[in-house]
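Among the features that TrEMBL reports, domain 'Cytochrome b561 bacterial/Ni-hydrogenase' is placed at B:6-178. Residues or ranges marked as transmembrane segment in TrEMBL: B:12-30, B:50-68, B:89-110, B:144-168.
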Amino acid sequence: MSENVENLETGPAWASALGVVAIVLGVLLVAAHGNEWLTQYTIPAVGETVSELPPADCPQDELEEEGLTVAQCEQMVSNLQSIRVSRPDWFRSSQLVVSAVGTGLAFLSILVGAALVNYRRWAAGAAVVVFGALVAVDVVTFITAVQTGPILRAMYLWDALLWFCLHLMMMLGAIVGAQHEQTA
Amino acid sequence: MANKAYRPTAVITHWLIAVSIFFLFISSWWMLALPLPGPEFQFRAFPFQLHKNLGITLVFLLFLLLYVRLRHRPVPEQSPAMKPWMHKLAAIDHVILYLVIFACCISGYISSSFSGWGTTLWWTVDLYHWGWEDEDLNMLFSDIHLWTCWALLGLIAVHISGAIYHAFGNDGIVRRMLRL
């Protein structure tokens, strides 16, 4: 008989609710950290290429295809240049590492979320560790962005703060859940 | 005892598809704000290749999921929490979801085939370039790609809402797709 033929009896409600929140946010976070990694990988540092990007190339057919005005097309290059010149030398490599670690932890939070919904005995303890590590990643991201300048702060701080609050709530929920299980 | 949970292959494939779809959404919004391609600007090359590769892989994952699901069907959930209209909504949402994921991926691939840009599958295999450079067809399929993807986002919202509803109700239904 296959292992997945076992019955699906329910665990405590807190574990089911916290688990599904961890899974949904984990899926979004994999995408968010993955995209941050892609961003840093794709946009080279100023020192690696010319310091000033050439003028935008905005052929009419491409503008029509993408529904852009010439001003928007030119602004795309300006936006890229503002990111490049706003990044301190260490920022790109730092973000590549932090986003790679964040992607791995986000995958782990999906697994831990599934374990919570399925109510494995080890799930609450593992959730405290994984959600705590995600809080740490958010703090590092926040501090990293604070050390840059107003342009990158505007891009990163709000997201980092939002994720920090979400992961903090999840970690505290897991701590209370774990305590509840110990006393039950 | 009846088989209530999905097969591990279906569970893993389902979550790989979920992660891939959200990554494709977020990265596509970002990469379309990169400078238009030109002799001096190749910033879009890597993200677009990655986007196409993930989209093509998604079709294979979708077929694998459908194959496993159709071959090993768990019994429908008989929980009192699952009302008849919920069964109907879930069934309709799933069927439309699969169709729209397929339409979204295929329209993107066809649009790319008429763009003049080739596709190298995971930077190893040059896919046969059967299309030709045709701006009208490229734009037509690009529009279909855009609108099917917006529809997909709405369907996913319904899908996730159902999962969260059942998880908060702690009725055991979401466990069917979470057990390895």
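Placement of Cβ uses the backbone N, Cα and C atoms for every residue, glycine included.
Keep in mind that TrEMBL annotations are predicted by a computer and have not been checked by a curator.
Ranking B:12-30, B:50-68, B:144-168 by CB pairs under 8 A with the transmembrane segment (B:89-110) puts B:144-168 at the top. Within the chain carrying the transmembrane segment (B:144-168), a Cβ under 8 angstroms from the stretch's Cβ atoms is held by residues 21, 25, 28, 81, 86, 89-90, 93-94, 96-97, 100-101, 103-104, 107-108, 111, 174, 177, all 6 or more beyond its ends. Panel annotation: around the transmembrane segment (B:12-30), residues 6, 47, 50-51, 54-55, 57-58, 61-62, 64-65, 68, 101, 149, 152-153, 156, 177, 180 of the same chain, lying at least six beyond its termini, place a Cβ under 8 Å from a Cβ of the stretch.
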